[in-house]
Every structure is written in C-alpha cells, then in structure tokens.
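> I have a structure here, written as structure tokens, and I will follow up with some questions on it.
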Ligand code: FPP
C-alpha cells in the first residue's frame, strides 16, 4: 500500500470511536526471518522497527493505552542467544527511543516480573519508567517476563496477604477490585487485541483483562505489520457491536 492509500484508509477511522486500550501480541518474527534465511534475531530486530512505528501511530491516533507482549514467562525456554538478543534489543530500544518517547509525552509501564530480567535491561527499563512517570498522553505498557496465569496467581497471593493484614475483607473481594491486584492496576481492560502471524490463540496474554476485548487476527508477520494494518484493525473494531454480555 502506498502513502496515499494509507492516508485514505486513515481517513476512514472514526475519531470519536478510537479504542482507549489496544493490546498487541507481536508474533511471527521467527518465521519472517526463516523465510529470508536470516537468524531469528534479525526478525526481532525488524520487529523492533515496527514497535517504534506503531507506538508513534497509536499516539497520533490518541490511543490512551498500548500494551505490547514483548517477552513472556515462557520465552525463557528459548535458546540463550535468542534471549540475549531480545534483551539487547530492549536496551537498544530504550536507549534510542526514550528521548522521543518523553517528548511525545508517553509514559512507559511494564507488566510482568521485571526483577528477573538481567541487570542491564532491568536498569534501563526502570530508568524509562522513572523518567516517563509524569507523562500523560499515552501509556506504553510493555509485557516483560509476563504471563497471564502468573499474573492471576500473583494477584491471589497479594489479596490473601491483604486479607491477612486486615486491609481488605474477604467478602468485599469482587471482579472490579480484583483488577487492582493485576499488573494493569489503573489501566482499563483492552478494547482491541491484535494478533498478527496467523496464530489464533491468546498465548497466556492478559487472560483476566481480555474478557470483553474485540480480537483482530491477521496472517501477516509482525515485521511486516505496517501502519495500514493498524488502521484496518481499528476500522474493523469500529464496526463491531460491543454488548458486554447485555443486549
Ligand atoms: C514473537 O515472535 C515475538 C517475540 C517473542 C518478541 C517480540 C519482540 C520484539 C518485537 C522486539 C523487541 C520489543 C521491544 C518492545 C523493544 P516469534 O519469535 O515467536 O515468532 P515465530 O512464532 O514466527 O517463531
């Protein structure tokens, strides 16, 4: 799609019905690289370029929250070199983008246990969180060492602790305040979940938050995911009739 077609597509977006929270499972980096006889890390590298672009596109569309699944609790099973490559990319991303992210008034938050990341990426992530903490145009919420099941179990443990300390009464626990114990505390549930690469599954992503989220799947790999795909996802989302279990 050329620039003119992409602008035309963008003009079809109803600016009064922009999803507040878009979540993306960035998938297909490995297959993208394999098709080109490149190492898997080359796919992740190209994927990082799409992260840079899509963050900018989302911010311009006035999306308030963008959640990206960058590293799951299961990704530690990958070969050491690939994990190291992903951690290096994370550091590279923060070092090269943080000033622009700040200038664009974007706040970086994470979900997942970042204390388990190697020291350099952990420190860079903490620096990014601290430096952007007062920004309020958009939250860029990055899943790092994140798993939906892990998040729910952690929430249960924290609730039990609060019950024990008398901070909350067992009978007052409900689906609303349970959300406060998730990593996404303070962030509304995603309106739209995008998963490229042809896989039709959740892969342990935001299991609690996604109850009434609209899904958008596409066959293209994340490294090929351009702004026009993002526009298409939003236009499709805007055609959905969201009833949240009502009529
Ligand atoms: C899934 O593709 C992708 C990942 C596990 C990593 C995503 C990371 C990036 C896009 C780059 C870095 C991100 C940031 C935020 C700086 P896959 O490897 O499972 O692909 P495959 O299913 O084709 O093998």
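For all residues, glycine too, the Cβ spot is worked out from N, Cα and C.
TrEMBL lists 27 with the feature active site. What TrEMBL lists as Mg(2+) binding site is 27, 214. The feature substrate binding site is assigned by TrEMBL to 28-32, 40, 44, 72-74, 76, 78, 195, 201-203. The active site, proton acceptor annotation in TrEMBL covers 75.
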> Expressed to the nearest Å, what is the distance separating residue 195 (substrate binding site) and the residue listed as 'active site' at their Cα atoms?
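Computed Cα spacing between residue 195 (substrate binding site) and the residue listed as 'active site' is 7 Å.
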> How many neighbouring Cβ atoms, not counting its own, are there within 10 Å of the Cβ of residue 32 (substrate binding site)?
24
> A 10 Å Cβ contact count, applied to the recorded positions 73, 75: which residue has the minimum?
75
> With DSSP assignments reduced to helix, strand and coil, which class does residue 214 (Mg(2+) binding site) get?
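In the DSSP reduction, residue 214 (Mg(2+) binding site) maps to strand.
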> Just the number: how many Å between the Cα atoms of residue 32 (substrate binding site) and the residue listed as 'active site, proton acceptor'?
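It is 18 Å, counting Cα to Cα.
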> Around the C-beta of residue 27 (active site), how many further C-beta atoms are within 10 angstroms, looking at every protein chain?
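Result for residue 27 (active site): 21 neighbouring Cβ atoms inside 10 Å.
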